[in-house]
């Protein structure tokens, strides 16, 4: 059988772009299919766009904090339309960067929606493409709630297209997406109501970290509705009314509703049945080398049954290309991956939580030194938020099993700490380091 390409990548997000570029560098003839924008969720409706919103919201508190440092700040205003225009310009620049990189590597960009015809052929619009290897990297999408009136709510994709900052925002879901947007819009002056089916936010993170972020958001004015679900949404007189059930059996109103109850693989329209690709719990089942049950079809990123994080997706794409085209079998190490929550306060983690460590090793084997203190910056600012630095340690050896931080720039700090955890440093070895004073991170070395 003759092939048009050595590799056809379906999806030009973080995973697909990483795989396509590395495969091309290794000599493969590569094409990549994309029906929307280059960069996928991360650039267009996720990490990058959201982080720019975080930065925009930060100024609200910075102007207040400046007064404590002697600055006389006149009345300041925020123009949402100006911000959206600037953000969109930056996103378009990033798309162009990706387009140029594909051109430089002679990667064919095929615009349209890909549908499998069989395990080697894909139809894109009116064209049929045959490839020696096919990589599925279509990412994920928001899980939709099955409740009456859900059409009155939006997802984290549509929230970037709001015409104005909402006066009232109801957030359904207490995961990191819901928490981050709750933080962003509260700092922009929105009344925020966060409805969560669990008793606390950020399930899966360390409990002390979860409580610190919840308390910080509550101090900022976010209203919480724990152990509560939405039964129905109705639109009445320009407002959207949510009927709640659980701990709060009430009706609340907001002008905008965001539901962020999780994400799932975006596989519905690929016609995977024609290719014979097996799924596992709604995701493409793959092995440690991203191989599906079909010998020439592979999958990486959020459409698989692994960690749905942008850096992980990039690593999987790169590892796939090295394995298949570089003759260097490469696996991704999922054990030591730092994560962050870009709320205010900001949080970041690496390794085991206290609960996981105690379950794995036993209560007598684990100790968890935890330090809370006021950062120097807050001494003259208006914030009462305390920094939290917690280590999870194996008592007999002193080996660090996990580190959890709630502080300004926690995500930047944790990346250095990830090296310590991955390479098995002990607490005494970490404390042998001399930190930089005055900083928040130095507390980990003292």
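Here the Cβ of each residue, glycine as well, is placed from N, Cα and C on the backbone.
The feature domain 'FAD/NAD(P)-binding' is assigned by TrEMBL to 6-317. The disulfide bond feature in TrEMBL is assigned to 42-47. The annotation FAD binding site is assigned in TrEMBL to 51, 302. Taken from TrEMBL, the feature NAD(+) binding site covers 173, 174, 175, 176, 177, 178, 179, 180, 262. Annotation comment: TrEMBL describes 337-444 as domain 'Pyridine nucleotide-disulphide oxidoreductase dimerisation'. The active site, proton acceptor annotation in TrEMBL covers 437.
All features noted in TrEMBL, drawn onto the structure.
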residue	record	contacts (Cβ under 8 Å, 6+ apart)
42	disulfide bond	13, 14, 48, 310
47	disulfide bond	41, 310
51	FAD binding site	342
173	NAD(+) binding site	195, 196, 259, 260, 261, 262
175	NAD(+) binding site	201, 202, 203, 260, 261, 262
177	NAD(+) binding site	156, 260
179	NAD(+) binding site	194, 201, 202, 213, 217, 341, 343
302	FAD binding site	15, 41, 139, 140, 263, 265, 266, 308, 313
437	active site, proton acceptor	none
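Taking the centre of the Cβ atoms of 173, 174, 175, 176, 177, 178, 179, 180, 262 as the NAD(+) site, the nearby residues of that chain (Cβ within 8 Å, site residues left out) are 171, 181, 201, 202, 260, 261. The Cβ of residue 262 (NAD(+) binding site) has 14 neighbouring Cβ atoms from other residues within 10 Å, across all protein chains displayed. DSSP places the residues of the domain 'Pyridine nucleotide-disulphide oxidoreductase dimerisation' (337-444) in helix, strand and coil in these numbers: 37 helix, 31 strand, 40 coil. In the predicted model, residues of the domain 'Pyridine nucleotide-disulphide oxidoreductase dimerisation' (337-444) average a pLDDT of 96. Overall, the recorded NAD(+)-binding residues 173, 174, 175, 176, 177, 178, 179, 180, 262 cover a maximum inter-Cα distance of 14 Å.
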